[in-house]
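Enquirer: Below you'll find the structure I mean.
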């Protein structure tokens, strides 16, 4: 159990390092003004950030997801595994339900973490920055808006994370069964990369419009008076001003990010588990018994 958790954390770190630049681009595209858009698309956004802020601009707000990573993985692994055992049978439906439960519970950490990440990604570079880092960002929000401000976007985060984690674990379970992912298979790692990457894409496609609303709510008021009264008002205003396409803004960068992030996550998890269990077998004097371990979840 502890080894799985450690491997999951290592995989999560790898996933964040690979995917954060894409996430920065996604957020900036989602919240930019339709009247005066700063970026023409995903590629132009990448180029503009690097030109104006250097490559480090793509990693703005990185501290927030890294800071919450250990706790989020603990919740996801623990809740998903315990829920699956409580349901009594490892079936696709139970994988969905266990994943949905894990997604809902980890919102307690995910929502404030993403709020800080979004604010840091959107602030301008330079000495006049509002926030010095994720903790300073959350501390300032708490002083100004209280606990409610720190949890801004919680409902939309729940609406996104609950079904998306369910879809993720369901897709991953179906694909690993179909691909025949078994310990000792020499193609296990490529199969896990394919299953994990595809599952990540499926989970994002299932709830992406909700993510757009969540980003807008969490960025609301950063550059002036708040515009939205809540989720429904945000949806109505966004649709009225920009049409249905607003709910797919930044989707390209998100899907570009989804596959490599999950590929990096599962490759790292597999390597860590294999090395650790190989060491265990060596210490026990039975090196031949250490099979390549398949991670149980993201």
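Using N, Cα and C of the backbone, Cβ positions are placed for all residues, glycine too.
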Enquirer: Among the residue ranges 133-152, 153-172, 213-232, I'd like the one that Swiss-Prot describes as transmembrane segment.
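Expert: Swiss-Prot lists transmembrane segment for residues 153-172.
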Enquirer: With DSSP as the yardstick, break the repeat 'Solcar 1' (2-86) down into helix, strand and coil residue counts.
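Expert: Summed by class, the stretch gives 71 helix, 0 strand, 14 coil.
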Enquirer: Between the stretches 2-22, 153-172, 187-207, which one has more Cβ pairs under 8 Å with the transmembrane segment (61-81) than any other?
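Expert: It is 2-22, which has the most Cβ pairs under 8 Å.
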